[in-house]
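**Q** Here's a structure for you.
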Amino acid sequence: MTIKLIAGLGNPGPEYSKTRHNAGVWFVEELARSHNISLRPEKKYSGLYGKGLIAGNLVHLLIPTTFMNRSGQAVAPLANFYKISVDEILVAHDELDMLPGVCKIKKGGGHGGHNGLRDIIDRMANNKDFYRLRIGIDHPGHRDKVTGHVLGKAPSAEQAKIEQAIDEASRCLDIWLKDDLKKAQNRLHSFKAE
């Protein structure tokens with residue numbers, strides 16, 4: 001099984017582009033840059049869309065331009081149109097329960113309170129079997145501070161760690177698509193940002 005669709009979650013507009021909640025967007029932007037795939041607005045998928053070869057595999061890239069809690073409105077129509085099964089989808093998103101500089105790949109699971117994941121699960125007929133790239137942004141310590149934290153910008157040292165982890169995740173995606181998931185996970189999960 002290979003990955004055919006990679007979606008990077010976030011909120012649209014310049015006021016959100018540098019916020020922690022857009023870490024998934026940063027990953028897809030990095031993939032587009034490093035693989036020379038242009039992303040263009042596509043109304044029928046409610047997002048920025050492009051396709052190209054990554055490690056010899058045709059991959060669809062999507063950045064929903066809906067707000068985070070409507071991410072499924074973008075992901076589901078694209079998956080349906082190209083007949084991409086749920087387990088051929090990778091969703092990149094910010095993860096409160098991991099430190100900046102850490103990224104992990106997992107398959108399936110709940111939404112963990114993440115509204116973007118919740119909407120995708122809802123619009124995929126409650127099928128949770130897609131892969132996730134969890135990009136650590138850390139937890140602010142109290143649930144009342146979560147909204148301000150995810151919609152805030154990371155301090156520069158923290159941001160640098162997030163970007164290093166995203167770069168490594170991009171390299172590991174190539175390993176995953178060329179070789180196997182386990183090899184990519186072993187490398188990515190042992191990565192430590194400086």
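Just so you know, glycine gets a Cβ as well, placed from its N, Cα and C.
Here's the feature list from Swiss-Prot:
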SITE      N11  site 'Discriminates between blocked and unblocked aminoacyl-tRNA'
BINDING   Y16, F67, N69, N115  tRNA binding site
ACT_SITE  H21  active site, proton acceptor
SITE      D94  site 'Stabilizes the basic form of H active site to accept a proton'
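Burial and contacts for the listed features, if you can.
**A** Look at N11 (site 'Discriminates between blocked and unblocked aminoacyl-tRNA'): DSSP puts it in coil.
A sphere of 10 angstroms centred on the C-beta of N69 (tRNA binding site) encloses 13 other C-beta atoms.
Cβ neighbour count for H21 (active site, proton acceptor): 22 (other Cβ atoms within 10 Å of its Cβ, all protein chains included).
A C-beta separation below 8 Å, combined with a sequence spacing of at least six in one chain, links D94 (site 'Stabilizes the basic form of H active site to accept a proton') to L9, R20, H21, N22, A23, G24, H114, I135, I137, V150.
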**Q** Within 10 angstroms of the C-beta of N11 (site 'Discriminates between blocked and unblocked aminoacyl-tRNA'), what count of other C-beta atoms is obtained when all protein chains are considered?
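**A** N11 (site 'Discriminates between blocked and unblocked aminoacyl-tRNA') is surrounded by 21 other Cβ atoms within 10 Å.
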**Q** Can you tell me the CA-to-CA distance separating N69 (tRNA binding site) and N11 (site 'Discriminates between blocked and unblocked aminoacyl-tRNA'), as a whole number of Å?
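**A** It is 9 Å, counting Cα to Cα.
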**Q** Report, as a single number, how many Cβ atoms besides its own are within 10 Å of the Cβ of Y16 (tRNA binding site).
**A** 16
